[in-house]
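Visitor: So TrEMBL lists the following for this protein:
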- A:65-329: domain 'AB hydrolase-1' (DOMAIN)
- A:142: active site, nucleophile (ACT_SITE)
- A:296: active site (ACT_SITE)
- A:325: active site (ACT_SITE)
């Protein structure tokens, strides 16, 4: 067990945990006691027809969703919906290399987990814990979008609406390589010790280098050029790294990031259809909004748009934001109003 | 002196060297014996009105220019022009951390060099060695474009035509950060030893990590998605790294890359005009073609177009190439025909 303040209720906000029992993983591994950390808002109605599932993104937890996206005045309004945000497996909050009590899967021994494993685990949690069989909607960003796509392809009858923000159904080769550089930043740090470090601070320099890669790929050339970081109360480009990204990524757990990166790299709904992406996305019956961010450098609009065209009845809703992919953090003045408008529209269908 | 086969006539093609004497650098350093490695093609006419200067890019030498861009059938035709390609200071061919005989500036002691220092050195070489006072044209790509812009702002009366391919007159904040990640890939390798390694192979892992960053930023999402690497005779995405980029970057000298990166990060013609970019580019009298590559991720078309609008009488000529920035290597079927057509047009003005 690696202690880390980042993965606590104090930092991320309150959450609960529940075990779904043994989870046999797509790649052959097993998690004997697969427990998930989740947070809810609102109340499940009697018919159980108002549940919205939110899966989490790389490096993220339920925290940002509750701090930024969920609440009165938002489309994700707890007065109307029962909102459940489930931390993805291996993300440091749910069962993960750093926090499992099972030594056989701790640290570098943690098994490879795929997007499909998360979706299966989430479905079991919803069924076992809440008796939820169908979802009003699934809403996810980045790796959360990967899980959203997996839901509507794997369980087309269980999801009525889907919003996939800044992510793809089938990861791209370019994205795979970008993720590889994130991994190499960590693995090249001698303190990483093959995954057997004793504190995440042993890997501070590797995490800092990963942070700097996010500075390049996470924002856009325009965001930097227009000095949009001033909107964050920062007074120099260096401060974006030193005061924002570095402290954030240097707080995180290296094995967590690596395990989730492996999953991210291999997200692909066409695994259900022998590699035929059109056939996989053709299964979708949920009303689906594909919501790329205009300046995203690694989930570019055209990659998302090409998938949207394969999803029956779907709509492309581009979120205009110079921040690019990290716009997901809700750091631009016009971001959340676009998200809320689109989700409100989706939820009215 | 660090031996390295990459920086030899066998690898890069024949070249000559000439000293321009002492060079006092903009940032306060001095190179007592500043010698430049250059290669020429064609013959200087009697009036000395047919000289075309080509400065080099980051990680590059005169080699690629002679192998890909210069020759019969190309716009850069030695039958018509006297073409001189000058290796930038610190690039491993001209005086550099690895090859200087002056121990006081060897390896980690090599001084900081700016784009303006190169242009001053090139002007002296042209004058002293060839008696050339005016250039028919300057043509450069990437850092070569930075030097091209520096030429037409610093010496407006000495240049009649300019082609700036895939580069900017003022480096962007995003570009600065990208370059920083290239540096960190090297500096984080324990074998780098603060610049005092005994062979570039001591830094193989750092150079490999830099190669992987080029795989992400050097090509475009479309290039990877369309599997355009098949056009290079490669049969898998991994081969782009293992058989092309890795061996290339792992052949290079770490201090060379770091020294040139420092220069790249600070390229800015507005140093001549107290930070006023419009005033600096307003000085230009050369007929100038601004030639960004359509899919360039770090010198994007819009950054180049914004500068082009500030250059009197200039034209924006976008090179359509999915390869992105590394299209400069002439790896796409339609790349060179576009370069040649535009340069032929420019040279006819």
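Cβ atoms here come from the backbone N, Cα and C positions, even for glycine.
Remember, it's a predicted structure, so these values are computed and weren't measured experimentally.
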Visitor: Mean pLDDT across the domain 'AB hydrolase-1' (A:65-329), rounded to an integer, is what?
Guide: 98
Visitor: Do me a favour and check the Cα-Cα span between residue A:325 (active site) and residue A:142 (active site, nucleophile); whole Å is fine.
Guide: 8
Visitor: Please report the distance from the Cα of residue A:142 (active site, nucleophile) to the Cα of residue A:296 (active site), rounded to the nearest angstrom.
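Guide: Given the Cα positions, residue A:142 (active site, nucleophile) is 11 Å from residue A:296 (active site).
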Visitor: List every residue in the same chain as residue A:296 (active site), at least 6 positions away in sequence, whose Cβ is under 8 Å from its Cβ.
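Guide: Listed in sequence order, they are A:166, A:220, A:324, A:325, A:327.
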